[in-house]
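Participant: Here Swiss-Prot flags 1-38 as signal peptide. As annotated by Swiss-Prot, active site applies to 190, 393, 455. Here Swiss-Prot flags 218, 348, 444, 452, 505 as N-linked glycosylation site. Residues or ranges marked as transmembrane segment in Swiss-Prot: 528-548.
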């Protein structure tokens, strides 16, 4: 018995030592991994940046991370640390489009901390997005910008791209574990409207299997600017946008030719509805740019519309491919040997930086469905999405974005409809005293239109887009002093934020802003007649109670209250209800869209009370207010558009590309 006890105790002791040794080994491995990761991250530190302005250099890291070892697939990143921490840590990932266009466009021409004054000189970007968030630019997919891969291994599918990106993030967080618990936002523009939802879906799937080793990532929101999301609505928007901007006049031979091509496009989409790109539809934009070209510019060449900003003209057939003007400095700057060295570019990257790699675009031939099919599930998973548009962009224009929102069903509703016949109000946005656009919001989706802006909204208005970002992220900077910016919706001053280099006052009262939004929604209900119905129901209930009491008095069964006077009869007619263009018609892309230019008042068409017979008396008219035609609410027929970028030498934007 004693021997048995001794043996048992010895066994337990041995088991305890095994457990302890396992814990020690795990701790040692963890410590070693952390040490290796820390040492590895130091290799990515950017010690200096040629041409940077005087003063402290923004803390940054850059370099390559291998994602597909079998074919040398490496993604390049450039990370900028936030200048301030406001109530929580946040990281914003930025992606440009193409497919195959470098995110260094975003870093040096849009939202990064620096912009190029010329090819040798950097200046601070007033409105950079790294004020209250770390910003991570990634050249995605492999082969784009500074990223590289074997020439026979370009990706073909969106799911493949997303898997590579998740691998990148896992290895990036292993190098920089201090950011893995950040609120994570994914932002970008143009063809990134396909990439971002697929990456988000892959992250959500990964999070389902998260554990002690694979930590859950705090995916907190998506921002897509002038995105290519839903081909059906966006191809259909080309011609509609051209009509509204007077690029093409209805009834002309040119209009008839383009309408024929549009019908060919629509037929192809009807037959094959799940594609992302259609040559028959790309031809609408190509033909439009060619057939509207005319006049001779300073270069002696015919002039065509800039497809990224229709207020501008360009030499045909460039039509915007050399735009924006900063691009002429970005390419030579990123090809400088000292810049390549500073950004820790691998020697395996044998070719110089190009804005858009045509090989990436030509090899990308996805069979996966357009990203519009993913948005409802992402929204229902609790991930907020913000879509924003520049009003002067042709290729991915705002009409198409508004149409795809109007036709999309998510979180128990369709489009921005709050209840049948009642639409979320469009709230006029002024920024520092100037009309900036409008905001519209419902069920976790936000839409922002920027007046007087192009395909690359942050290029035009970095300060306004920073204000948009901070509000979307719910930045609370109450602990930081400074002069706040003046940003208002419907004339009401918003919770205070800051843009540019100076810190702002406070955005702590996010609840107050939500309350204002609820008030605006209630105003929409009131205008549409919903409030009248509520009053009638309540009044009918009160009247019924008085009738019951009087009957009990007459029967001698009730108590005797205050002496009663005349009974008041309450009509059960709820009064006029805002029909909202025939109720469901607007949600099918019909209704009042043809009359959007008729509006001259401040109220939303969807929220106004009117008799349906008045539709017969409406006529098209051109508003004098340059913003009037931009304020109609989502829910009617509207279109958006996309772009192609023909070659322009070594940094060519390829046909069909949306950067």
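For all residues, glycine too, the Cβ spot is worked out from N, Cα and C.
Give me the structural setting of these features: burial, nearby parts and distances.
Facilitator: Using a 10 Å Cβ-Cβ cutoff, residue 190 (active site) registers 31 neighbours. Taken residue by residue with DSSP, residue 190 (active site) is part of neither helix nor strand, so it is coil.
In sequence order, 181, 182, 183, 184 are the residues near residue 218 (N-linked glycosylation site), counting only same-chain partners six or more apart with C-beta under 8 A.
In sequence order, 64, 72, 74, 148 are the residues of the chain that are 6 or more apart from residue 348 (N-linked glycosylation site) and have a CB within less than 8 Å of its CB.
If you draw a 10 Å sphere around the CB of residue 393 (active site), it holds 32 other CB atoms from the protein chains shown.
Under 8 Å, Cβ to Cβ, and six or more positions away along its own chain, residue 444 (N-linked glycosylation site) finds 379, 382, 383, 384, 385, 410, 411.
For residue 452 (N-linked glycosylation site), the count of additional Cβ atoms within 10 Å of its Cβ stands at 18 [all protein chains shown].
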Participant: Can you grab the distance from residue 452 (N-linked glycosylation site) over to residue 393 (active site)? Cα atoms, rounded to a whole Å.
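Facilitator: Taking the Cα atoms only, residue 452 (N-linked glycosylation site) lies 9 Å from residue 393 (active site).
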Participant: Provide the number of Cβ atoms within 10 Å of the Cβ of residue 455 (active site), excluding the reference atom itself.
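Facilitator: By my count, 29.
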